[in-house]
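Single-structure report; data block below.
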Amino acid sequence: MLSATQPVSENLPAHGCRHVAIIMDGNGRWAKKQGKIRAFGHKAGAKSVRRAVSFAANNGIDALTLYAFSSENWNRPAQEVSALMELFVWALDSEVKSLHRHNVRLRIIGDISRFNSRLQERIRKSEALTAHNTGLTLNIAANYGGRWDIVQGVRQLAELVQAGVLRPDQIDEERLGQQICMHELAPVDLVIRTGGEHRISNFLLWQIAYAELYFTDVLWPDFDEQDFEGALHAFANRERRFGGTEPGDDKA
């Protein structure tokens, strides 16, 4: 899956991007263009996941978060959902050993309780196998929604208040942030969305507060290393203000 000898691109600037999140959109449209069913597009998209993980691991990125299955995706046709679940199992079985060999830590974020027991067991084993790896952290968002993430964090704080461990006046952004998925990782710097749509679709609502957004018309199965590099070039050329103003600009 990963190439240990793949060089860092000579054209890639010192991008300073530690955490990239990707909304992998366009599998269905890609399949339609090929005259195939949507499941064919999802399988083709898995190849793009391999490319993205390899590129991130070899180009100075600490964490890569991929939006694989949203909590709203259960509303898709049952046949497509079933195919996605089987693809998830297949990907874990076929890729996790390669991830482990290349020092990648795999984590699944989202509510996995709705998945069948076979998939839940695969997830637990995959996370356990790679838990102590120190290279790229690969987060797969599955049955994930940004609103769900915030709600589950609030519930955890409510339980602490109910238990008398925490007072309501002690709750602040930092305290809530500690209950949100990936709180121990660097904040998301860049969100990439493929497929031409310009929205975030309930993805990492808390974590992307100050992230840069990059939209491309490229469908996910066609997204390659050059496209990833282009996104990092765009990121490197942006000025991040984090709510402030441009240096030396005193105008409102």
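Counting begins at 1 with the first residue displayed.
Just so you know, glycine gets a Cβ as well, placed from its N, Cα and C.
Note that this is a predicted model, so its numbers are computed, not measured.
Taken verbatim from Swiss-Prot:
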ACT_SITE  Asp25  active site
BINDING   Asp25, His198, Glu212  Mg(2+) binding site
BINDING   26-30, Arg38, His42, 70-72, Trp74, Arg76, Arg193, 199-201  substrate binding site
ACT_SITE  Asn73  active site, proton acceptor
Residue from Asn73, His198, Glu212 whose C-alpha is spatially nearest that of Gly28 (substrate binding site), among the recorded positions: Asn73
Trp30 (substrate binding site) to His198 (Mg(2+) binding site) - Cα separation in whole Å: 18
Whole-number Å value for how far His198 (Mg(2+) binding site) lies from Ser71 (substrate binding site) (Cα to Cα): 19
Per DSSP, three-state class assigned to Gly26 (substrate binding site): coil
Tertiary neighbours of Glu212 (Mg(2+) binding site) (same chain, Cβ under 8 Å, six or more apart): Asp189, Leu190, Val191, Ala234, Phe235, Arg238, Arg240
Cα distance (Å, whole number) from the residue listed as 'active site' to Ile200 (substrate binding site): 11
Integer Cα-Cα distance in angstrom, Trp74 (substrate binding site) to His198 (Mg(2+) binding site): 22
Proximal residue to Asp25 (active site) among recorded positions His42, Asn73, Arg193, His198 (C-alpha distance): Arg193
Rounded to the nearest Å - Cα separation of Asn73 (active site, proton acceptor) and Gly26 (substrate binding site): 14
For His42 (substrate binding site): intrachain residues, at least 6 apart, with Cβ closer than 8 Å: Asn27, Ala31, Ala83, Leu84, Leu87
Other CB atoms, at most 10 A from the CB of His198 (Mg(2+) binding site): 7
